[in-house]
Amino acid sequence: MNISNPNGNRKAVVIFSGGQDSTTCLLQAIRDYGPNNVEAVTFQYGQRHAIELQKAQWIAQDLGVKQTLIDTSVIKTITTNAMMSDAQIKQDENGMPNTFVDGRNALFLLYAAIYAKGQGITDIITGVCETDFSGYPDCRNVFIKSMNVTLNLAMDYQFNIRTPLMYLTKAQTWQLADELGALDYVRQYTHTCYLGVEGGCGTCPSCLLREKGLKQYLAQKSAVEKSSVLTAKEA
């Protein structure tokens, strides 16, 4: 991978789960900041499947990135949802998926900010996205912007929360991984499945969105390649 660092000696903390989105963000951060200027924070919040943490640990080690595991499992004692129990995945009467964990991204950003300030780091990167909106209110840009202001005021520190995937579709996120030279890496090593199935169950909302985006991107890529071949033949 060709490493450059347009950010000078600045460093970044990536909120990292081992999934497609956060791994793509981590790879982009390594490119943009340099591998020695990137750290990952991973949260143990009581998620129902250990495979998420295992994947995150393996990827961080493989990429040579320092990873810090933060235990926020206390949240499991004060809220319930399908991400932290064996409940069947469904939506409520308002269309909110029961995979939504109340306060999770707010909590993650708070702890990531506390950690970042302790390391003298201002840039925090998270892979939230509102384009393929899952119904999660804490994935919206308005929330991230407000949280950035709140954290700056709360700690008297100039955090810069970056959301490189905010306005990308899932297909565009796959495209970004490909541009980073890591399409196969993300396909093979990341975990997205809500049911904790190695390689994905293929039926949960997360797997369906991931596969739909991948198929869309590969179809677009194939069309571009065919067009390029035809153009070359005509030249």
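Quick reminder: no glycine exception, Cβ is built from N, Cα and C everywhere.
Remember, predicted model here, so these are calculated numbers, not experimental data.
Together with Cys201, Cys204, Cys207, Swiss-Prot lists one candidate of Cys139, Cys193 for binding Zn(2+), that being Cys193. Each of the binding-site residues Leu26, Cys204 was assessed for Cβ neighbours inside 10 Å, and the highest tally belongs to Leu26. Note on proximity: among Phe16, Gln20, Ser22, Thr24, Leu26, the binding-site residues of the record, the Cα nearest Cys207 (Zn(2+) binding site) is that of Gln20.
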